[in-house]
Amino acid sequence: MSSSYDEASLAPEETTDSFWEVGNYKRTVKRIDDGHRLCNDLMNCVQERAKIEKAYGQQLTDWAKRWRQLIEKGPQYGSLERAWGAIMTEADKVSELHQEVKNNLLNEDLEKVKNWQKDAYHKQIMGGFKETKEAEDGFRKAQKPWAKKMKELEAAKKAYHLACKEEKLAMTREMNSKTEQSVTPEQQKKLQDKVDKCKQDVQKTQEKYEKVLEDVGKTTPQYMENMEQVFEQCQQFEEKRLVFLKEVLLDIKRHLNLAENSSYIHVYRELEQAIRGADAQEDLRWFRSTSGPGMPMNWPQFEEWNPDLPHTTTKKEKQPKKAEGVALTNATGAVESTSQAGDRGSVSSYDRGQPYATEWSDDESGNPFGGSETNGGANPFEDDSKGVRVRALYDYDGQEQDELSFKAGDELTKLGEEDEQGWCRGRLDSGQLGLYPANYVEAI
């Protein structure tokens, strides 16, 4: 028996990572604490997504508000203006849906996890969770008898291995003494007695080692059964968590997936209908009747001189006022066409930004920058030393001598309020004074 002994067996036995090793149940216990932390992680995850949904919804709202104003003030008109505006309506409605997503995530999903976590994990006064302590105590109790046997086994194995080592050393010394002349017979006998004693120690320690190993083998089935029972209890607890969180994730998916939301689908169905409702021919007819050859015209006629009427008219007096329904000679059809276009709802921002026709008059009284006698003896802009700074939204080329010209982004000074015809007085940074369409600028 001793002759087969190998010194390599004296090296400490490598411990395995098996669940059955003493103390390796702690990973299963730790999983309970991890489950509580994972609930917190999921709630934080949902809360961050809710913030994103809220921010995105607000961005859509701000974007829609800004562009709706720009479209209303811009030159686009007619049914295409309404179709373009439908994009802004879509943004407002989608913003509301994303706010609903945010509310569902916080009020339903997050609260659901929070309540389940509170019911599943019970904190102790001394710290930790009741469920963790129960699992720890269960495993420790199940492993205690087997761990005690394993300790005895380790001691018996160590004693046996040490005896084998002593035996081998004694045999080596005894063999070497036979070749040495200096060793006396008495010394030779002592070395032989040492070998015999070591062999007896090896026999005793081996028998004890085998007996303890046999006892461990007898207790192993009961040990495995007890450990398995506690482990299954932990598995059942973990199964509840896994199933619950899967349900929550499906709820989150349902709330996030707007593609399956009937309201979301309806938004884009309405948007498509609004865009397809744009009619180029209708818009062209409307423009023809309001700003083209279809407009009414007070064609020149012979007029008798009337001493009771002023000889000149101002710029505003020369403009036809559609809203007042003025009947003009030879323009009945055009007026009716204009009225019909209005009935169809083709009210456009273009009306508000349309430059007015050039007067057919050489009289200087029609020019606000003309002689002092015609304009009450003073330039109407000279008293406006102060004003409001504005920025041009679009390019505008003055059509008349008294109109300003500027490019989009240019800044100028507004010197008066908008008149009933949609014009404002202003001053360029160069010092030039004149009129400009009020809806072509925005306050800075």
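Just so it is clear, glycine is given a Cβ too, placed from its N, Cα and C backbone atoms.
What Swiss-Prot records for this protein:
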MOD_RES   Ser2  phosphoserine
COILED    26-275  coiled coil
MOD_RES   Ser79  phosphoserine
MOD_RES   Thr184  phosphothreonine
COMPBIAS  314-324  compositional bias 'Basic and acidic residues'
MOD_RES   Ser346  phosphoserine
MOD_RES   Ser348  phosphoserine
MOD_RES   Ser349  phosphoserine
MOD_RES   Ser361  phosphoserine
MOD_RES   Ser365  phosphoserine
DOMAIN    385-444  domain 'SH3'
MOD_RES   Tyr394  phosphotyrosine
MOD_RES   Ser405  phosphoserine
MOD_RES   Ser430  phosphoserine
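Mapped onto this structure are the features recorded in Swiss-Prot.
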residue	record	DSSP (3 states)
Ser79	phosphoserine	helix
Thr184	phosphothreonine	coil
Tyr394	phosphotyrosine	coil
Ser405	phosphoserine	coil
Ser430	phosphoserine	coil
Among Ser79, Ser405, Ser430, which are modified residues, the residue with the most C-beta atoms within 10 angstroms of its C-beta: Ser79
Other C-beta atoms that fall within 10 angstroms of the C-beta of Tyr394 (phosphotyrosine): 17
Integer Å distance between the CA atoms belonging to the residue listed as 'phosphothreonine' and Tyr394 (phosphotyrosine): 123
Neighbour tally for the residue listed as 'phosphothreonine', based on other Cβ positions within 10 Å of its Cβ: 9
Stretch-averaged pLDDT - the coiled coil (26-275): 93
Whole-number Å value for how far Ser79 (phosphoserine) lies from Ser430 (phosphoserine) (Cα to Cα): 39
Pairwise CA distance, Thr184 (phosphothreonine) versus Ser79 (phosphoserine), rounded so that it is a whole Å: 127
Per-state residue totals over the domain 'SH3' (385-444) - DSSP helix, strand, coil: 3 helix, 26 strand, 31 coil
Integer Cα-Cα distance in angstrom, Ser405 (phosphoserine) to Ser79 (phosphoserine): 29
